[in-house]
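**Q** First, the structure itself, so that you have it in front of you.
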Amino acid sequence: MERSLTLTYAASASRPLCFNRSPSSSSLWLPSTSRSSRKGRAVSMVKASSASRPTLASNWDLSSLQSASAPTWLPRFEDLDTTNMLLRQRIVFLGSQVDDMTADLVISQLLFLDAEDQEKDIKLFINSPGGSVTAGLGIYDAMKLCKADVSTVCLGLAASMGAFLLASGSKGKRFCMPNSRVMIHQPLGTAGGKATEMGIRIREMMYHKIKLNKILSRITGKPEKQIEADTDRDNFMNAWEAKDYGLIDAVIDDGKPGLVAPTADAAPPPKTRVWGQWKVEGSRKAKKNLPSEHKILQNGYQGGDDEKGTEQEKEASSPV
């Protein structure tokens, strides 16, 4: 039979030390003799083994533990959590779609940082495709409830409710990275069931559409009719277009110290020849000399700048 002794001892609460000790095993095999002799020999061998085995009092001396080499310090799991590390820097990260669970997390972090210090800014980093309107409005109300300024920064994509939250930051403290994209549009949704229930859902969607347009009009300074026309379809913008539209205040350029000093002289990148030319007003194109979307998808853009009339007019006038 093999016996082993494993003991764990903590020298202090801050530096746990773990020692393993396995004394040499003792064989207890006995020859086949009388029962009384076997019993006597077994007792004597057990006593001898117990006498030679180190005890807790004799082996674990505190003086010897002080000289033991302590292992390197390992941080706790909560110290390695990126969310906690960002919160220490007063940074809240919205990196997923906006739903009820995400909204609860962001709202709780905003309220916590505002209660901790109402003088320092809270930075809200956004990389979100959007999501629930009601959840996004909950985050919006929490941002306005905070006495500390909430600075918003777009990395990657801020679409739909993500763009709405980006524009809802404190004035003068709304930023975009140079390669980020911003998209605004009207609320989307579906309705099903009875006719009366569908009517209720549609009226609710129209309420949210009017509500969001009013808020965006107040933020950007543009009339509600223009906001309604610009959000009729998916309206994508780069960082400089979002700045011109009034959704952000500055673009953080490459090689700059970021949030500390965003660049004021950053030049926008050149626009693509075709995709930056359409200006949607209702359902018609305002500019001429533009090919149709259908023809671009089929054959690509081949027209020159000196063409007269639109591709739609040429297709309509061509004989069938």
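Heads up, the Cβ atoms here are built off N, Cα and C, so glycines get one too.
Pasting the feature list from TrEMBL:
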{"type": "ACT_SITE", "residues": "Ser160", "note": "active site"}
{"type": "ACT_SITE", "residues": "His185", "note": "active site"}
{"type": "COMPBIAS", "residues": "305-320", "note": "compositional bias 'Basic and acidic residues'"}
{"type": "REGION", "residues": "278-320", "note": "region 'Disordered'"}
**Q** Just the number: how many Å between the Cα atoms of His185 (active site) and Ser160 (active site)?
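**A** So the Cα of Ser160 (active site) lies 6 Å away from that of His185 (active site).
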**Q** Given the active-site residues Ser160, His185, which one is most crowded in terms of C-beta atoms within 10 angstroms?
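**A** Compared across Ser160, His185, the most Cβ atoms within 10 Å surround Ser160.
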**Q** For His185 (active site), name the DSSP secondary structure in the helix/strand/coil scheme.
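**A** In the DSSP reduction, His185 (active site) maps to coil.
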**Q** In which DSSP state, out of helix, strand and coil, do we find Ser160 (active site)?
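**A** DSSP assigns Ser160 (active site) to coil.
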